[in-house]
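Enquirer: Take a look at the following structure, please.
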């Protein structure tokens, strides 16, 4: 499907009005569909459907035990809250849309420049932009102020990248006069709107009298997309091709799939269990009620049962019990959880210790719903570049035609030999520097002070250009296609003929330039060694370069190979034609281009190898050390070379050096090779599983591809067995696949990365963390959490994740506890009220109990801290409790269930006996039982709170006071059912004696059991608590029962022998302190590699096979 | 429990940005509000239980004493007051309105009873809390009389012969109607039947201008009748009856005797045994009881307090023994000597 855009279209053209106008709408609702649509949305959830059903049943007065208001009130309240939130968000979206839509823009209509609102732009309109204007819709450039037809745009809003990007007008439009642009006519053939912001495969044909009738290809380079900003360009003019919500930005706007935490799933499961329990209770009581009615109630003449039952009579009693028991599932739990979850997220946003002081970026929780999952992470999959490292590239050393440059400090730019070679003008060195300086897409911008500032899209290019400048090869100016270089004092000009762009498949980029001095055409290439060295001319020896690459990567440096070739004029002409043809194809353009490029990039003369250092971020080794101690497994997924990856892994505690650690390599080029290698590694893994050895496997992208395709099962087993893995040379989709494998084994995964290539992995993982770093904000935008530095991950998981988990665990179980408590009392009461479904409590109390009295005190549990942050950091093993879900699972839930049953018995037995005989007035007994529940729950919250802040005291005791105040107020209203009841009760000594008795009888055993466990069967948390609070010396925690892991976890759904049987021993992974190992890639790690020569040799074999 | 530490803000000292770091809001945002962190230390827990016991035991004893000072005479009369001929079929006796229902009972006062002495009737196995029953009244009508049409809840005793019933509903319809006359020696004991209902009910729940209307006129006669000339607010028997009981056994106040009864007094009760409890096997009892500060005779609270107090003392002793016998893993000095085995056990 294609669309045809007629430039400068007027009303008479065939496509006028065919496409939508430029009105942007991000709104979900309109004024009219808000209510139905919002309600529909809310009622798509099971819980809400359940509550609606209950509320509707309550309208049938025959069966309702309480006033329907007791369910309708909270239900409407909850719905109103959600709807208001939605409406407010939508209103804000509407406002921002409105400002965008009403922005004034210049367009050309009927040859006249007009000032109109952005929303009135139609497809085909000519839009004029001035410097720093925001682009209102997707435009195809046709003119700029620049004589070369260039303009610069900032695409931060689109892809988060902050560098300036060059955009150029299509060749057909070059040289059109400013005045003529108003009258330009033509047609653009472009695909239907899609969301790919890196691609546009379109064609432009101008109508006479403009130039020729040729088809001119259009790429994304010829467009400026909506929400970008025009920079460094006086004006630009373009044709609107996509407008409104059909722009690239508009199309890529999507609602991300909501993520569900393991905890939510567990809560849902428990809710389901309670629901089943409720149905059972209802059926049993319903049958009992009907039997009692037929045997007993008919004799109770005062009840006056009619002799002829209507047909539905049998259902009445069960339905009454259904309503009576409906509060078993607390209506407030969803609201409470939403509330506390957004508070957890706020705590992350607010956390001062997670602000990157260097760039002043605070951490941010984009997804407010999954904080608990942070505490349950089992696998961390991390990117390397920019995540573990700074992504601040510095050129270090190089190898030029067999000579290794670099002084003792490992800095080539200070190496005398190199400087001498430069000053003497050694041709190899000059060529090498030329490639460094111009084989790139860097834009030099002269700042006001006269300095040259480079705007580079990739950090490597930036490093190379800077290094070249330092070595006297300065890129001074880029004027259209003309590049100006200054070598020593000599000014050199090159004309850029073509740029063969970098793609992750090609792994190299090239430029074709013409030397303006002598007219020679040169091909300059740079790229990864395996992309460049195989293209070397047959005669050249590349062994020395291979060695250089290997040596450099063992130092943990990033290597790039530089190469060049002189082209003959006709060869270039021939190729240029093919290239242009490939460029204008609409189908598979990228692939076609790659193929054409391949034809040119051959017989290269390799000039040398550059090595760029990317320093480790602060605190990375410590963070990894702590998190591994917490039982989290790390996988490194990187696009980098194997040796570099291993080196980085060593230097940041990822793997331990020999003899503690052992690296197992999976390689192979063919299916059988990989299979054999995989089998061997698996065997070793199985045998070493019981030893406290640190075994890791290393796999590269190619072998991974084969393993995933043919040995999925074996690889999955390997994934389960291995605590550490290094996957190098992997593509973004492979990263996502690896996440998928771990997820399919039921592990909780966290993916952390910083660049666009990590986005898929981040979105795939249970938790995606983006580093708002130098590679742009793309990853941070796609992620659930964005942090400034890798080291904040430790705090994010150990502090925020852990607390969130603990708090939600308490909050959710407590919510069930209090609902069950009141429900059990109702059930007990039904046994002494003729199993007829009478409610002991009045409607007002029931409603207030659920939504007010019991939800306020527990909300402040968001401030509870079982252990101080420092203790958790020192004893990260304690995270095990969260990972294994020890605080919220069916057995802890059973404990709360039992507690509510016990408390219900206490309250019920005491109130029926203390208020027997002449005191047995319905309203009074109801209030006594209710007060008992309120008091008990206050003490339960108190007992379960680990640290009391002023807010907790306020909420717990304030709530108790509020309970009395509210009831006194209600009791002062004559028309209320409980008029004067509370006053009467509060005057009776027996009321207070009863309450005291309930509290003592209810809490005594709980306190005793808790104390006994705390003292004689303490959990590790308790031990640490005692150590921390009593000021004793911190003790070593030792091993947290390793075998529990196997028990707690269900068997993975895969039919693999011994799933999840990975080495669960939490030995300290390194004997020496992590801080001594921070220095980068020096000393001991080398020995490791010498002993691992198997690794290196096999690696170089790989290279040659390439 | 011990309050172990004050503000735990050590880490915040290292903060570089000094933005109002002392304010409560800031501390809240950093989750660093000063908190007290109690520890369940043995000494505190043992003391708590011991203290609980020592508070509860005296309370229990006092409560039990108070309950025991109450003198109570309970006389079940439902089966005795059926003439021998009808013993086999009590229901037909009670339903036959032509038969005389009067009955005499003799009560012996065992202990001196101080005025005021409360006269209750007690019903057993009577479900005033039944779902059909408890809702079957109209608060609106009781207060506003015929003006109120909001009587839907009164079904099936809402109207009769097309006319609304005041007071409507099953509760009023089944009004208890046994009457008692007490004679000591030869003199009739005066029973004060005023102020037996709650004042709040008389004043604001039952209308002063509302008179019974069309009450007990149907084919099905429930319980007692009401004098149509007395406003509902003065029909105290009705008001008492309509305060429904929460349990199937309950007592309701009938009246008060304003003079002391001496030990060994013999009281003859002439009663009218009108109310039908026979069809469902309910019991009827007449209760004469004095009152203490806790109300009537009810040993439950006292016994419960004593047993809770006793068990908490036992518990505290058990914990004390534990504390002495079993070394605690965490107390100050022993902490460092702790072996791994202890922790993982």
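Note that Cβ sites are derived from N, Cα and C of the backbone, with glycine treated the same way.
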Enquirer: Taking A:28-45, A:46-63, A:64-81 as the choices, which stretch does TrEMBL tie to transmembrane segment?
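Expert: Based on what TrEMBL states, transmembrane segment spans A:46-63.
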Enquirer: Labelled transmembrane segment by TrEMBL, one stretch among A:874-895, A:896-917, A:1028-1049, A:1050-1071. Can you tell me which?
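Expert: Result: A:896-917 is the stretch TrEMBL calls transmembrane segment.
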Enquirer: Suppose you had to name the range TrEMBL annotates as transmembrane segment; which of A:820-841, A:842-863, A:1084-1105 would you pick?
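Expert: Of A:820-841, A:842-863, A:1084-1105, TrEMBL gives transmembrane segment for A:820-841.
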Enquirer: Taking just the CA atoms, what is the gap between residue A:639 (ATP binding site) and residue A:383 (active site, 4-aspartylphosphate intermediate) in Å?
Expert: 8
Enquirer: Tell me which of the binding-site residues A:385, A:757 sits in the most Cβ-dense spot, judged by other Cβ atoms within 10 Å.
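Expert: Counting every other Cβ within 10 Å of each candidate, the maximum falls on A:385.
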Enquirer: Within 10 Å of the Cβ of residue A:502 (ATP binding site), how many other Cβ atoms are there?
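Expert: So the Cβ neighbour count for residue A:502 (ATP binding site) comes to 20.
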Enquirer: How would DSSP class residue A:758 (Mg(2+) binding site) in three states?
Expert: helix
Enquirer: Under an 8 Å Cβ to Cβ limit, what residues of the same chain, 6 or more beyond the ends of the transmembrane segment (A:46-63), are close to it?
Expert: 70-72, 75, 79, 271, 275, 316, 319-320, 322-323, 326, 329, 331, 334, 837
Enquirer: Going along the chain, which residues at least six beyond the ends of the transmembrane segment (A:270-292) come within the CB cut-off of under 8 Å?
Expert: 47, 50, 314, 317-322, 325-326, 328-329, 812, 816, 820, 827, 830, 834-837, 890, 893
Enquirer: If I take the alpha carbons of residue A:385 (ATP binding site) and residue A:754 (Mg(2+) binding site), what is the distance between them in whole Å?
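Expert: Between the Cα atoms of residue A:385 (ATP binding site) and residue A:754 (Mg(2+) binding site), the distance comes to 8 Å.
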Enquirer: If you measure C-alpha to C-alpha, which of A:383, A:502, A:558, A:729 (recorded positions) come within 10 angstroms of residue A:754 (Mg(2+) binding site)?
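Expert: Passing the 10 Å Cα cut: A:383.
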Enquirer: Average pLDDT across the domain 'P-type ATPase C-terminal' (A:780-1019)?
Expert: 90
Enquirer: Going by C-alpha positions, which of the recorded positions (A:383, A:502, A:558) is nearest residue A:758 (Mg(2+) binding site)?
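Expert: For residue A:758 (Mg(2+) binding site), the closest Cα among A:383, A:502, A:558 is found at A:383.
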Enquirer: Using only C-alpha positions, which one of A:502, A:558, A:729, A:757 is spatially nearest residue A:383 (active site, 4-aspartylphosphate intermediate)? These are the binding-site residues in the record.
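Expert: For residue A:383 (active site, 4-aspartylphosphate intermediate), the spatially nearest of the binding-site residues is A:757.
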Enquirer: Per the record, ATP is bound by A:383, A:384, A:385, A:461, A:502, A:526, A:558, A:638, A:639, A:640, A:729, A:735, A:757, A:758: how many Å separate the farthest pair of Cα atoms?
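Expert: 25 Å is the greatest Cα spacing among the residues binding ATP.
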Enquirer: For residue A:383 (active site, 4-aspartylphosphate intermediate), list the number of other Cβ atoms lying within 10 Å of its Cβ atom.
Expert: 29
